[in-house]
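Taken from Swiss-Prot as is:
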type	residues	note
REGION	1-131	region 'Phosphoribosyl-AMP cyclohydrolase'
REGION	132-226	region 'Phosphoribosyl-ATP pyrophosphohydrolase'
């Protein structure tokens, strides 16, 4: 639960209706999940409970995110912008679904036309920091919706021994690339190794975010030694 320090609320600039936009961001991989509105009441409720509450403009009442779907948002931190009129909520998304459509993020509709930079760099039209999380979502989708001739599906079908054998092979190739100090090969072999590790995680029903959470906790413990 977040500490009940509410002094910062006085610095916020709510609009004429007493509302302020709040953007929810995954606290582990930085993915933008959704945007909704808050007022002082919903913000105070969020701080007290540690679970995000918004203000529903259509229903004109508090909206406890996840109260019907079970996809609660656990508050991890709050920032607000230089004008103090937009908030960024760092949250843990329960169930990995923020959108009412069932998508992880509400921001899944992409505009790709008439944007020169996208045409020149179409491979990198999204944050690279999200790539591993997105890759794991693809692996999960392949598991739920098998596709013909899918390498991922063949690994999952063949099972643990095949997956672990591939991890051993890719690990050895990564070591050899490092010994040769071949930067391109190191990058390629590291990518192969990460992919096969993620397949193993999925096979054993371990979420990628569980790994990220372990890393985050280790980083926090090292930066805040007892």
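Heads up, the Cβ atoms here are built off N, Cα and C, so glycines get one too.
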What are the DSSP helix, strand and coil residue counts for the region 'Phosphoribosyl-AMP cyclohydrolase' (1-131)? 30 helix, 38 strand, 63 coil
With DSSP as the yardstick, break the region 'Phosphoribosyl-ATP pyrophosphohydrolase' (132-226) down into helix, strand and coil residue counts. 79 helix, 0 strand, 16 coil
Across the region 'Phosphoribosyl-AMP cyclohydrolase' (1-131), the model's average pLDDT, rounded to a whole number, is 87
